[in-house]
Amino acid sequence: MLLVLGRRVSLSFVKRVIPQDPVLLSNPILQDFRTIKFRVIHSSTVFASATRQNTDTMPERRPFVRLPTDVYPVNYGLCLKPDLIDFTFEGKLEAIVKVNLATNQIVMNCADIDIITASFVPEGGEGEEINATGFNYQNEDEKVTLSFPSALQKGSGTLKIDFVGELNDKMKGFYRSKYATPAGEIRYAAVTQFEATDARRAFPCWDEPAIKATFDISLIVPKDRVALSNMNVIDRKPHPEDDSLLEVKFATTPIMSTYLVAFVIGEYDFVEGQSSDGVTVRVYTPTGKAEQGKFALEVAVKTLPFYNDYFNVPYPLPKIDLIAIADFAAGAMENWGLVTYRETALLIDPKNSCSSSRQWVALVVGHELAHQWFGNLVTMEWWTHLWLNEGFASWIEYLCVDHCFPDYDIWTQFVSADYTRALDLDALDNSHPIEVNVGHPSEVDEIFDAISYSKGASVIRMLHNYIGDEDFRKGMHSYLLKFQHKNAATEDLWDCLEQASGKPIALVMSSWTKQMGFPIIVVDQEQQGDDRILKISQKKFCASGPHNGEDCPNWMVPISICTGEDPGCTKLKVLLDSPETTITINNVSPDQWVKINPGTVGFYRIQYSSAMLESLLPGIRDLTLLPVDRLGLQNDLFSLSRAGMISTVEVLKLMEAFVNEPNYTVWSDLSCNLGVLSSLLSHTDFHEEIQEFIRELFTPIGLKLGWECKQGEGHLDALLRGLVLGKLGKAGHKPTLEEARRRFKDHVEGKQILSADLRSPVYLTVLKHGDSATLDTMLKLHKQADMQEEKNRIERVLGAISAPDLIQKVLTFALSEDVRPQDTVSVIGGVAGSSKHGRKAAWKFVKDNWEELHNRYQGGFLISRLIKLSVDGFAIDKMAAEVKSFFESHHAPAAERTVQQCCENILLNAAWLKRDADDIHQYLLKRKAPPV
């Protein structure tokens with residue numbers, strides 16, 4: 001599943017709100033609600049209070065028990081008949097089961113379903129059908145116990161259950177999704193989202209990933225609707241009792257987990273292609289929008305053979321469908337053979353989609369198709385190993401996009417989008433290890449976060465670099481062959497990679513997956529003749545500064561080193577397996593710089609000695625350092641300033657060295673960090689001075705790019721132009737503001753339609769400096785927009801409006817019928833991230849409407865995201881206490897850890913502000929002062 005974690009690849013003109021969690025915004029690249037954890041503290045005593053305030057809010061849960069193994073399924077024969085008017089469904093289950101141990105009860109998962117009758121028929125007709133005499137629902141555990149009057153004997157049999165359920169509006173289980181026909185009539189589709197634990201809302205089942213079975217699915221649907229499931233259709237016939245209905249039967253699936261089962265009933269068009277290895281690929285779109293499925297089809301048709309080749313294991317199903325679902329909480333879901341997506345993660349309009357949307361679609365398609373092997377063919381044994389599923393797919397999606405679109409420079413973007421955000425979250429005291437023991441379903445939702453996805457992807461990238469591509473592929477191939485159609489744990493993959501590479505993979509990797517956090521590598525050097533001697537040590541990096549206590553954890557750290565002689569080539573690789581070591585690099589002249597972690601692949605921060613850092617800085621101005629290393633250096637220093645290890649003024653001085661920077665991703669990361677700083681300084685009376693700094697830094701690149709795209713420009717130029725113009729416009733750069741207003745007027749009047757890549761920056765700029773007429777015009781554009789991408793683009797920037805009464809209007813709009821339920825979160829987040837007043841108003845709005853919001857998102861990850869976006873930007877100690885107190889009386893079990901992280905962030909922000917605000921103010925004033 002892809003969460004819209006609001007990745008950091010954003011057009012950062014939408015201000016970083018300082019969030020983290022699962023995801024879900026609809027276009028992370030455009031999106032910006034991601035943000036950085038402002039940590040920081042200026043004394044250990046403050047930090048102690050940060051820890052105290054945060055760690056005591058998780059109530060104890062009673063022990064969770066997995067399902068008994070005395071009866072397990074072999075095949076589910078499942079027939080469902082949804083009613084798209086009354087929003088109910090009828091179901092018949094005939095499951096072939098194996099009784100391992102004579103028992104008079106069967107325990108299954110079941111939630112929000114009413115069982116009408118249940119019976120058991122022993123195999124071979126020996127013995128009568130045994131009717132269940134009782135159904136005991138354990139609602140909190142989402143289980144049902146079927147009791148039988150006599151013991152079911154060891155052997156096989158058929159379990160028959162008739163049941164009814166509701167097509168809910170919670171975007172989980174078997175639910176309804178609202179859409180409008182081309183004529184404007186409101187209708188509903190019936191769709192599914194089962195990961196992690198919601199198949200039990202569609203049919204009684206053994207809803208654990210290790211309890212695999214085959215599925216024979218039939219759907220009884222109106223004959224004018226499309227019916228899809230994991231497999232191809234093998235039979236369609238009129239329903240004997242009602243000739244307006246069709247019975248659609250699908251082929252038997254391979255053996256698979258319940259969370260990957262899917263069915264969709266609705267109205268769709270499709271485009272079709274075939275991969276070079278003979279798999280039929282279809283992309284299903286809303287009616288009348290088949291054209292918008294072509295880009296995703298092109299990506300999917302290239303991607304399947306890429307993975308076939310990479311894993312050296314063929315895709316096992318005859319077809320794969322990719323379908324856009326109107327109401328969808330996650331970014332996408334990898335159901336085997338029927339992958340579901342948010343509309344914005346699948347549909348591309350050749351005229352009206354921006355470059356970042358194309359890139360997002362390519363990444364999401366790459367992510368979900370990787371799961372067809374890694375997750376679906378071989379499945380994690382339990383949710384503890386979820387990270388392996390998601391971390392791996394979050395890494396290989398980049399490999400796939402790099403193969404399909406080499407001009408995207410996607411690996412540099414990975415560092416800004418995934419790697420740095422994982423470092424930010426993992427520096428908190430309230431982070432968690434990659435591998436988390438989870439039990440109760442509400443705990444599973446909590447680990448769909450940037451640790452499982454982005455840190456998971458980052459450590460796999462580090463592992464791939466450590467092993468080398470050839471041995472990595474060899475190990476992957478043997479893992480998939482050995483465990484296909486089965487379940488595996490993290491250690492099983494390490495074994496296969498160890499055998500392929502001969503390296504101590506399990507030893508190295510367990511230090512990264514079983515303990516939370518990461519090291520800061522401290523480096524000093526001295527010259528001895530022609531040799532450079534490096535002293536390297538590691539200690540745990542914390543958002544509040546380095547860990548100085550007892551029991552400091554250690555990591556097995558793969559360290560690479562390059563020199564100024566050839567910045568793109570690794571001169572030396574070592575494995576740091578102790579707290580400190582000394583390394584000699586031969587033949588390095590005194591005038592050459594030495595850099596640790598070329599390519600920014602190792603998952604750690606670096607603190608260089610002053611002299612080493614000084615020698616690296618010219619490489620930023622003259623661009624001799626690679627873009628990814630210029631980015632990494634700046635990001636490390638920014639993080640050290642938040643942790644109180646260096647002054648923020650030093651980072652501002654460094655940022656000024658980026659005046660010649662041509663690279664989009666480097667600017668994107670700079671922009672993110674300046675957004676964080678701007679948000680922090682909104683709590684001071686010199687917010688305007690940081691805006692001036694931003695205007696001065698971005699003006700030269702803005703002038704160079706201009707407004708019109710030039711011949712020979714590509715994807716990254718379009719992204720950079722949108723980023724820079726949005727940043728300048730938001731910061732109040734007059735020429736940018738005037739031009740944005742002129743272009744907006746022409747756009748609204750239909751004289752000159754804005755290109756898709758310019759819409760976000762223009763909308764943002766005119767709203768930030770706009771009035772009620774601007775907001776009304778924008779809401780009108782939203783209403784007229786036929787494409788979800790355009791609606792989302794507008795929703796994400798509405799919060800930029802400044803006047804308090806208009807901010808209120810935007811918040812009210814967020815909960816209106818005009819905004820899809822999954823997008824409400826990004827509207828509220830946009831308000832919270834745009835200004836000091838917006839932050840207060842958004843938090844009050846969340847508190848005032850908590851019941852409705854919590855009911856809408858219940859246990860899902862959207863509730864975590866909402867909380868994070870709403871409160872993570874505060875920088876006053878008492879706000880941490882207020883947030884903590886509110887959630888003690890308004891429980892949100894799936895967001896407990898998020899609440900703790902937010903409280904920690906608020907205290908860290910407050911400490912950062914106390915520590916550095918005056919120095920930053922003096923520096924900004926000094927820059928403005930005329931030279932003496």
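In case you wondered, yes, glycine gets a Cβ from its N, Cα and C as well.
Annotated features in TrEMBL:
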ACT_SITE  Glu368  active site, proton acceptor
BINDING   His367, His371, Glu390  Zn(2+) binding site
DOMAIN    73-260  domain 'Aminopeptidase N-like N-terminal'
DOMAIN    295-512  domain 'Peptidase M1 membrane alanine aminopeptidase'
DOMAIN    593-906  domain 'ERAP1-like C-terminal'
SITE      Tyr453  site 'Transition state stabilizer'
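Neighbour count (other Cβ atoms within 10 Å of the Cβ, all protein chains): 29 for His367 (Zn(2+) binding site). Distance from the CA of Tyr453 (site 'Transition state stabilizer') to the CA of His371 (Zn(2+) binding site) is 13 Å. Glu368 (active site, proton acceptor) and Tyr453 (site 'Transition state stabilizer') have their C-alpha atoms 13 Å apart, to the nearest angstrom. Between Tyr453 (site 'Transition state stabilizer') and Glu390 (Zn(2+) binding site), the C-alpha separation comes to 5 Å. Cβ neighbour count for Tyr453 (site 'Transition state stabilizer') (all protein chains, 10 Å cutoff from its Cβ): 30.
The residue listed as 'active site, proton acceptor' has a Cβ environment of 29 other Cβ atoms inside 10 Å. Over all protein chains present, the Cβ of His371 (Zn(2+) binding site) has 26 other Cβ atoms lying within 10 Å. The Zn(2+) site, placed at the center of the C-beta atoms of His367, His371, Glu390, has further neighbours from the same chain whose C-beta lies within 8 angstroms: Met1, Leu2, Glu334, Glu368, Ala370, Phe374, Gly375, Asn389, Phe392, Ala393, Ser394, Glu397. The Cβ of Glu390 (Zn(2+) binding site) has 28 other Cβ atoms within 10 Å, all protein chains considered. Averaged across the domain 'ERAP1-like C-terminal' (593-906), pLDDT in this predicted model comes to 95.
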